[in-house]
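Student: Structure incoming, see below.
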Amino acid sequence: KCVRTWKAIHVAPVATMAFDSTSTLLATGGCDSTIKVWDMVKHYCTHNLKGSSGVVHLVEFHPDSSHPQLFSSSMDYKIRIWDLSSSSCLAALGGHFSAVTSLAFADRNTLLSSGRDKVCMVWDLRSRESKRTIPVYESVEAAVLLPPKGDFSQLGVKKKGLHIITAGSKGILKVWEAATAACVYSQPVPFELKEEVSEHSLTQCLLLPARNQLITVSVEHNFVFYDAQTLQLRKQLAGYNDEVLDVKFLGPGDSHIVVATNSPQLKVFELSTSHCQILYGHTDTVLALDVFRKGLMFVSCAKDKSLRIWGMNRDGRVLCLAQGLGHTHGVGAVSCSRMKESFVVTSSQDCTIKIWNIPESLTSKAKALISSPETLQAKVTEKGHNKDINSVAVSPNDKLIATGSQDRLAKLWSSSDCSLLGVFSGHKRGIWCVQFSPVDQVLGTSSADGTLKLWALRDFSCLKTFEGHDASVLKIIFVSRGTQLLSSGSDGLLKLWTIKTNECVKTLDGHEDKIWGLHSNKQDDMVVTASSDSCITLWKDVTEIEEKEAQAKEEEQILKEQELSNLLHEKRYLRALGLAISLDRPHTVLMVVKAILKETDGRKHLEENIARLRKDQKEAVLTFLVTWNTNSRNCHEAQAVIETLLKHEAPETLLQYSGIKSAVESLLPYTERHFQRLSRLLQASMFLDFMWQNMRLADMAPQEDKVL
């Protein structure tokens, strides 16, 4: 939580900050060319250091607290040394020809600096001269010193002395020996190295001594944790996903998800830890994914006109097993065989569908350790539609293939020879998704016309049409064992449909943009969605849980009502009052109050029972009697309870009751009305009594007096 917020006094944004070794001082560097030092204990500014040129983008305290010095760098590429005792600049170290990106201290007299001029420099702080310049041959964003203690032999460290880890534009970590300026270790990476800044470039690097780990941050906002002594990957956290185009559950127990973002790389997330693997292979944006039944193999297709088959081994590591080339345009849709890993179907912007056989050797366990991917050849190629094919699906028995296209048609094909079996015609705009029902001989389609349709496979007729989306329906899946449909739209909404009744039973609003990815797990109790808003959302089916909770609540309610009835019968009014209040039953509480008032010395018993209630129970009764008081039939009981509360509670106590103000405001007008009615009744009673007396006197007088 935020403990404290204060104004930084800088007249421009704060560009950098750093704590000293004791965490009692904080230095901030601003875009206004000033540096300010803050006392974190007493919360005030101790120094305002002026003299830097341009934006101050780096500040660092001397690690020895006996040396009250601050080091900074700004747009003139110099490293300034500030004496905090006198608030003066002691020296400006010149040597870099581009922005200085990091500062690190080997000891109290040795400073290491790195820059975007592709060099690291070692400085002697006593003479304030450069001791050595190490050419790194890449723009360096961070340099970290290896600890003097520890076994770093696997990183090529064979001698004692200063060793540096650099991270920069090439996206790899390198270990350098300062004495010889030689690179003793270069991290192996699965991507091609580039001289210029790319999505693999590293922006930050930090040593975590307590965990014996090194953490890096990439341009794509990925956090990667390495073992500090071996630089072996320990954990990876993916940051910004950009537009998410597809997502699928992965693993034998749906323990992972594989995600296609707006990039050539795939991301495999472990759901329990958020650890992410980044898979390299495609050279252009990945467009679609599908997973085989067992969950250990999956297929991806991309704009690079290729498909790739990937396999997951026992420890969760994913490798590319095979690659298929043959389409002349980007491959936009893919579907796997359902019964076993025997074939894959792809469709493309070249309006063709291809069937690729998977050799048995590829599915064997030995092939999980292959060094290079196999090459697949398409068994069958068929021109399927006149426009882009957006979706392809394989039937549960692997005998049929369905395709959906921008030409508003869905088509049914035989998987053995790709012969056309029939055409589904009826949508008014392009079809985005086709899906086979897992239980019936039915095909589901969704379209840009905002509708979903179910089709009979026997005669290709339309069985049902579901209307309710206000935008294009991008994906559909069958859930609840084929009895319901879940659809996702370009407006960011999910809708759940009951097939039997054609009714939309639930609308879920969890995204702000087009939902491209929609998949359910094998247990059929969880759904994952992915959207253009960069979010991946997991949804859990809580229908059974809610039903059980409702049933348990209903049973508990029945038991309490029976207990309440027994208490009233036994005239145990205090417990009856408490139970009725806990059940939130104003009418039952009123019945208890009426029952108490009917007893001999009812007022006295009511006062005793009300006085023994807890404060929260009295507050509840006060809320109830506001309602009672609006009805003339129940106003006597309401007034009796009000009288009891006013008698036994001090005004100060009553003022502390929640809702007392609104209760009094509601009680006053109706109470006045009741008293006015009583006053009128009293006057009427007196008038009737007077008339009655006169009538009796008249009856007693002689008959002739009556005539007179």
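Positions of Cβ are set from backbone N, Cα and C atoms, glycine also.
Below are the features I grabbed from TrEMBL:
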type: REPEAT; residues: 7-40; note: repeat 'WD'
type: REPEAT; residues: 49-92; note: repeat 'WD'
type: REPEAT; residues: 93-133; note: repeat 'WD'
type: REPEAT; residues: 279-310; note: repeat 'WD'
type: REPEAT; residues: 324-366; note: repeat 'WD'
type: REPEAT; residues: 382-414; note: repeat 'WD'
type: REPEAT; residues: 424-465; note: repeat 'WD'
type: REPEAT; residues: 466-507; note: repeat 'WD'
type: REPEAT; residues: 508-540; note: repeat 'WD'
type: DOMAIN; residues: 561-695; note: domain 'U3 small nucleolar RNA-associated protein 13 C-terminal'
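Describe the structural surroundings of these features, if you would.
Tutor: For the repeat 'WD' (7-40), DSSP puts the residue distribution at 0 helix, 18 strand, 16 coil.
Tertiary proximity for the repeat 'WD' (49-92) is limited to same-chain residues at least six positions away from its ends with a CB under 8 Å from its CB atoms, namely 15-22, 25, 27-31, 33-37, 98-103, 105, 108, 111, 113, 115, 117, 123, 125, 128.
Note on the repeat 'WD' (93-133): residues 57-58, 60, 62-64, 67, 71, 73, 75, 77-81, 139-145, 162, 164, 166, 176, 178-179, 181, 205 of its chain, located 6 or more positions outside it, place their CB under 8 angstroms from a CB of the stretch.
Sequence-remote contacts of a segment are chain residues at least 6 beyond its ends whose Cβ falls under 8 Å from one of its Cβ atoms, and for the repeat 'WD' (279-310) they are 190-191, 245-254, 258, 260-268, 318-341, 344, 346, 348, 356, 358, 362-363, 373, 376, 522.
Long-range contacts of the repeat 'WD' (324-366) within the same chain, counting only residues at least 6 positions beyond its ends with a Cβ under 8 Å from a Cβ of the stretch, are 284, 287-294, 297-309, 374-398, 401, 403, 405, 413, 415, 418.
DSSP states for the repeat 'WD' (382-414), grouped as helix (H, G, I), strand (E, B) and coil, give 0 helix, 20 strand, 13 coil.
When pLDDT is averaged over the repeat 'WD' (424-465), the result is 94.
Across the repeat 'WD' (466-507), DSSP classifies residues as 0 helix, 26 strand, 16 coil.
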Student: Within the same chain, where does the repeat 'WD' (382-414) have neighbours whose Cβ lies under 8 angstroms from its own Cβ atoms, ignoring anything closer than 6 residues to its ends? I mean 6 or more beyond.
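Tutor: The answer is 332-339, 342-343, 345-349, 351-355, 420-425, 427-436, 438, 443, 445, 447, 455, 457, 460.
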Student: Same chain only, please: residues at least 6 beyond the ends of the repeat 'WD' (7-40) with a C-beta under 8 Å from a C-beta of the stretch. Say none if there are none.
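Tutor: Tertiary neighbours of the repeat 'WD' (7-40) are 46-50, 52-61, 63-65, 70, 72, 74, 82, 84.
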